[in-house]
Amino acid sequence: MREAERVSLRLAIVLLLAFISFNQLFAEDDTILYESFDNSFDGRWIVSEKEGYNGEWKHEKSEGHDDYGLLVSEPARKYAIVKELDEPASLKDGTIVLQFETRLQKGLECGGAYLKYLRPQEAGWVPKGFDNESPYSIMFGPDKCGTTNKVHFILKHKNPKSGEYVEHHLKFPPSVPHDKLTHVYTAILKPDNELQILVDGDEKKKANFLSSEDFEPPLIPAKTIPDPDDVKPEDWDERAKIPDPEAAKPEDWDEDAPLEIEDEDAVKPEGWLDDEPEEIDDPEATKPEDWDEEEDGEWEAPKIDNPRCQEGPGCGEWKRPTKRNPAYKGKWHAPLIDNPNYKGIWKPQEIPNPDYFELDQPEFEPIAAVGIEIWTMQDGILFDNILIAQDEKVASSIRDTTWKPKFDIEKEKEKADEAPAGTDVLGGFQKKVFELLYQVAELSFLSEHKDKITELVEKAEKQPIITIGVLVSIVVVILTVFLKLIFGGKKAKVEKKPEPVAETSNKEGSGDEKAEENEEPAAPVRKRQTRREN
């Protein structure tokens, strides 16, 4: 009996080992490329020798970790480096996962931190000549400069009719995290034409390669296009409204009446100094020693405000102020009526698009190498754990074992460094508030606003003093969504009440009149001179 048990145990161990070996073999087959940078990149990655690409790559540890990566070591430089695959990887068969980590250790004001997945060298490039013109199949990763703040995904696709390669940009890509922590970017290309973009393992964007709503320009051209030879008929009337030809200007309409008139009820203030000038010569000013009257003219002291005018109600000639003229009506215009000849806005007729084609699946070009080609104003950008795989589980496993531990350490350190004095007093209460807000962000009807709410909570965690403001902002978001759910997002029209002006039949005033009514005459600028003008 014992012998049978020993045989059964041995058999179970053999089967277990076989199962583990099979899984490892399967996992290895699913991994096309994995670069951990645990060892130096020399001899495995090729630095471009192209003119202008003089940034120095370094094999350095990530700040606060023993984990190595590929470092951008100098600011304001162009960088280019490439790693060739053992053999080109096809993007047409099954799922393909592209993933890598990057850490912006000094932030990112202007520059890129993306990867390019290059086509085979037969397309016309060599590793030592790698530059921004080298043909790629996919460009993926963060880019930030000025108004640009996005995680790029660009597919370079060959038009089957023209033979030209066209860049197709993912619409509305996710934004780049604004901190200095390690982040992992994942693009999952599925055989059903679906694309998923993950940031730190969370889905930020889902798209379809063949949808015109997701890529610009779309991979599949429009079936029809405007006829370039079509011409608008001469009698085509695009005016929806026209002046009423039967309208006549009222007899009492005075177009010459001024906008403003003197206020006859105004009275000169008591104590007004009529004979005092508003400005006087500066009594403390003296003529410069080097003043030459023959060359510079007669010297005059600079002017200053008359102090007596400041003591009283005013100086100089008193004039009545002006007021709006109640008889003002402005230029008369006939009211507008519907145009009986209106035909709408003219558009050329649609014709079949000669460049139209259909696709069941994108014609992905194979990937033969991974390259980093960037021009950045910041140093301290660290790349790590670059992966190309055929299974999402491989990418998920690497995120959990390599990225997550680092990120958690960095997050805790960031909180400790940025926590202001006095945080410990309120910490317990605020932590409960933050935990509740994170749970609120997970509510299904707030899914469209989850990223915004999470971003607000993270800011409040860093700056507890703004917690109340963040709470108010989140409440506003929730109320807005709630009201939309109740009322269907419709807004009641609010009619603007007309200003209390004289009633006229001039229903359609011109924009010039409105501008004229709102304009105030500019006060004259007095010139103070210290010398005579020749």
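Glycine residues also receive a Cβ, built from the backbone N, Cα and C atoms like all the rest.
The annotation signal peptide is assigned in TrEMBL to 1-27.
Here TrEMBL flags 210-321 (among others) as region 'Disordered'.
Taken from TrEMBL, the feature compositional bias 'Basic and acidic residues' covers 229-251 (among others).
Residue counts of the compositional bias 'Acidic residues' (252-265) by helix, strand and coil are 0 helix, 3 strand, 11 coil (DSSP-based). If you look up TrEMBL, you'll see 252-265 (among others) marked as compositional bias 'Acidic residues'.
Note on the compositional bias 'Acidic residues' (272-283): residues 300-306, 308-309, 312-318, 526, 528 of its chain, located 6 or more positions outside it, place their CB under 8 angstroms from a CB of the stretch. Summarising the annotation, TrEMBL assigns compositional bias 'Acidic residues' to 272-283 (among others).
As annotated by TrEMBL, compositional bias 'Acidic residues' applies to 290-299 (among others).
The transmembrane segment annotation in TrEMBL covers 465-487.
Here TrEMBL flags 492-534 (among others) as region 'Disordered'.
The compositional bias 'Basic and acidic residues' annotation in TrEMBL covers 495-513 (among others).
Taken from TrEMBL, the feature compositional bias 'Basic residues' covers 525-534.
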For the compositional bias 'Acidic residues' (290-299), residues assigned helix / strand / coil by DSSP: 4 helix, 1 strand, 5 coil
Cβ contacts under 8 Å made by the compositional bias 'Basic and acidic residues' (229-251) with residues that lie 6+ beyond its boundaries: 332-339, 341-346, 348-349, 504-505, 508
